[in-house]
Structure formats: C-alpha cells, structure tokens
C-alpha cells in the first residue's frame, strides 16, 4: 500500500491500521512521527573585498527556507544600500535572491572598513547576515598657484598665492613645497585628508626673472605618499622705456609761521634701464645736488626739514616744486612733483598796563588801565587776566580777532608809604590758544617832608614759566627786601 498524500506540511505524525469489511475489528500496522523545524539561511556576498572611493561593488543576497514549514510575510532589509523587499510566503527549501550595487563614498578614509548587514524578519523567525569591504588607500595631492595680476609693469610688486590640498583619502606626511621665485622658508608639514594650506609671497617685476617679456613661475610639491605635483602662473610684463618718478610730500600739511615741517622726496627708476647722473633741485628748499644713479626698480628718499617764514600770510598756501633730471639710454629723462603747505592762522594775545601818574604822594589814589587785545588771526577763548597786587582776576569767555577789553582799577597809596618807594606791578594774560603774556607799570612815592630813615627797595624777581596751552602756566613772584638805614 502507498502512504502518499497521507501527510500534509502542517502534520507532525500519522498512523496506519487494517480493518475488516464489516469493521468488526482493526489491527494497527505502524506509526510515523515528523518533527516541525523553523529555520532560515541567509547568504550575503560582495564581488570585491576592497574598493576605492567612488568605485562600485555588487552585493548578492540569497535567502533560503531551510526549515520544514513555510515562512510567512518575509521582510528583507539592508539600510546601507537601501534594500527593502517583502515576500508573502516562502515554502520549505524555497529561496529568493537579490543583487544590488553599492558605491564607496568619496570621503571614505583609506584603510577603513565598511560593514554591511542584511536583516530578514518573518512572522515565525528572524535572522541576519553581514559582509564588509575595505576602502583602498588612494593618496592624492593638488597644487594651485595664482597671482593678483596677469599683467605688470617693470618694478611693480606681484603677490603670489600657492595652495596645497590633500585630495586623497589618507594623511600625507613630509609635504615639501618648492617655488622658484619664493623667498619663503617653509618647513615640511603634514596634510590631513581634505586639508588645504595656502602660502603667499610677493616679488618685484624686475631683473633676471623676466624672460622674453614674461615671468613664468613654477611651484612643485611632494610628499612621502605622492609623486611630485606642479603648477605654474605666468605674468606678462609691459615693455617700458625710460622711467623716472618723483614723489614729493610734506608733513604736516599745515603749519603756522616759524613752525618746522618735513618734506620727503622719493625718487624711483620705474623704467627697465639705469638712469645716471640724477640731479635733484628744489628752490624753496635750497636744494641743488647730484644724488647719483638708479638701477631699474631702485629708489632714493630724501627728508628735508623746513621752517615756515615768520612773514607767511595765514590762510595762504606755499607751493613747492622739486625737479629731477638724469640720463638714460643716451637721452635725458626728467620728473617733477609738488607739495602744498597751508599756513594756519596764528593766535596772538597782547596785554598793556598803564598808570595815570608816575609820581604820587602818600594818601593819594592812583588808577591803573589794563588793556587786553587779540592781535592774532583766530578767536581766543577763556582769556584769563590776573593782577595779584590789584586783586584782579577776570576770565573773558571769547575775545574776537582785533577785539580789545579794558579794566580800570583805582588804589590808594598808604599815608605811611615812604618817599622814594618805587612800586612795580605786573599783570598777566593767557588763553586756551596762547601762552602767557605780561606787562608792568611803575610809580614812585614822593613827599615834601624830609625823610628820616632812607628806604632802599631791592626787587628780587622769581619767575616760573608754564605754557597754559600745554597744561602749563606762568606765575610771577616779587620779594621786597626793605632795609631801614638810619640817617
């Protein structure tokens, strides 16, 4: 007899028996026990074990139901490569296969490992498998050289920039940069992946670096991991014949009469041939001298002090012209320049003190007249007038140009004042714009009575000078030494 069809996939056992036709009895013959097995095999492979950034590999996924019962609602997922597939049912010993490409990221570091995992989940069981690839080491270095101009004249400064970048996926060591024009001393350095370093230097467009009207500049870089890389930049030089430049300046650009300024003369050979026998003249500065020769690109600087004439008119400008003459390529070459010096209006303060009597008797009064005048070209502020003996202290807030202020002070001569006494009195004036100025007035005490003792007046002047405009002031002190001499 045959048992085909007696068992189904969801059965675990079956029995076979013999019965009589009338089923009066039954005789069991044998029994069969079948185990239920849940199992799944996942095989994940990659066609290459190593790949460089940007290269593509192919992953293959093979999922097999190695159990004895069907698996339901399979989900097959690989997050790295974006795989997500579903299978409703996978019978025993049935398999599914998927093939997908994967590109190694461009920023993957050399020597690093990229792991990859696929997960399979069913209603009955879950499992996973992994595969990995190693990122190949690909060293790379790039160099770029630029300049701030593509065309230059003789003697002009050219600014170069050199950039070095690690374009590979491993660190570069002992990086050495060489440039034919650079005077920089750059020690060997290290470049991390993706790192870039820049260096700048300048050079003058002159001399032997110019070949056939061009400056070709080559920069090269090497490292322990890479071969040499180069880049070059070319600047075209504008042909120039004879050239002589003279620049004249003055500092400060404005001054008052009798103040000193500094003129600067800068003479430069801007051509591509020497200029010889250069003569420099400036009438206002009393300059007339041969200063020598200048090669292409060379310069000469002269600094000349100059005192403004005391008769210079405020509000005007003093023109000043310098001339340079020389010889180049058998012909004459000249250059000139001027600088204007402005004359600043000058402040001036004057004070006058007068007494109405030169001789006076004891007991009489005397009147002082003090005049303060602005003799300058600018308004004066905070004009301070002081006379200690007259107890006078007054501040004039503003004194206009040409304005005069007067003070009249009357004092009594003591009745006991001895005949022959000479009284000296000083008044001072100062302002925010001027130093202290002063004036003195005298009178003599006279009497008709014969003097009994004689009085000798000895004046001792003590002067301490301070400029109020520079946080200084001027004070005067009189000491009177009276000597009584008996007749």
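Cβ coordinates come from backbone N, Cα and C, glycine included.
All TrEMBL annotations are machine predictions without curation.
Listed in TrEMBL:
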DOMAIN    139-226  domain 'DUF7507'
DOMAIN    244-335  domain 'DUF7507'
DOMAIN    346-436  domain 'DUF7507'
Local confidence of the prediction over the domain 'DUF7507' (346-436), expressed as mean pLDDT = 91
Message = Let's see if you can do this one: DSSP helix, strand and coil counts over the domain 'DUF7507' (346-436), in that order.
response = 0 helix, 53 strand, 38 coil
Structural state census, the domain 'DUF7507' (244-335) (DSSP three-state) = 0 helix, 62 strand, 30 coil
